[in-house]
């Protein structure tokens, strides 16, 4: 599988990067197969149309990142095409898959990962997340996949919660030095922490496949789906003054203090993160997860650190990204170039959108690092058949 060889596309200080998989139009016209659309999907399959679950699409994207007005660059990002194969039973019910004539136990969908990690106190944890989250997530998906055959009907949301929670907790344990390993003679040695106890990072991650987008968020980076002309927030910022977050912190004996904004113990301006072991158990690495079926009018995803979101609204970001992508294709043609391998090339349309958003945040006075990933979800070439 190409995921084994794929490395994360990294945006460092004042650099931009973009890589491409494949694009496509939904063959046969089935944009998504959801529980509420079972009859239509079955009818389409009977008419000779191909299910979205038999499509392989690596989305195209662009990434832009800058230190901005900050003294240090503490953001990191990752784009990893085909990092894992997802059991289709995590995306649809056995009943629906059987109705489509698909093997519910054997079928896997190629998945692609995008992530933004906004560090604080240093870049070490953000950089560690960039290198490790997709690896650990792939391992957790394989672990779950081995057990799916023994399960009955699967609660998709429950299993995705479990997969991402274990992934983020494992990375947090590694960062904090809470991992033990067996040495010669059978003894155990605890690993060293990656960095100081006051260093941490947000993590917002999107897993994209042909049928769904699955999002996990921990912290105050954000992901927004541009669906048609409307922004759809796929994450909710973890701020200490959020009612449920404040209640959780105070139930653990912690305090939320107003000190140049609401902060945990008067220090950290977010209520969840990876790292920050000096603020445990008040600051936790548990992500909130959302599973979203893809739709025909999905335009793009925007993942970004708060250097963008502090000065640009969801509505403006979607409007700008959509306009820049359309403008590029209007001036240069409908299709973006593809590499011979189907991944690893640049996508100038998505890159133009990411660059523009980064410059817009600077123009609006953002004082933080800014990292933006724009994932173009609009199909422009035929999808590859994986059946």
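Note: Cβ is positioned from N, Cα and C throughout, glycine not excepted.
Keep in mind it's a predicted model, so treat the numbers as computed, not measured.
As recorded in Swiss-Prot, the features of this protein are as follows:
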- 118, 306, 368: Mn(2+) 2 binding site (BINDING)
- 118, 119: Mn(2+) 1 binding site (BINDING)
- 60-377: domain 'PPM-type phosphatase' (DOMAIN)
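Overlay of Swiss-Prot feature records on the structure.
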residue: 118; record: Mn(2+) 2 binding site; contacts (Cβ under 8 Å, 6+ apart): 74, 75, 126, 201, 202, 219, 220, 221, 305, 306, 307, 369, 371
residue: 119; record: Mn(2+) 1 binding site; contacts (Cβ under 8 Å, 6+ apart): 74, 75, 76, 125, 126, 127, 199, 200, 201
residue: 368; record: Mn(2+) 2 binding site; contacts (Cβ under 8 Å, 6+ apart): 68, 69, 70, 305, 306, 307, 310
Cβ-centroid neighbours of Mn(2+) 2 site 118, 306, 368, 8 Å, sequence order:
75, 202, 220, 221, 305, 307, 308, 309, 310, 369, 370
Report, as a single number, how many Cβ atoms besides its own are within 10 Å of the Cβ of residue 306 (Mn(2+) 2 binding site).
24
Where does residue 118 (Mn(2+) 2 binding site) sit in DSSP terms: helix, strand, or coil?
strand
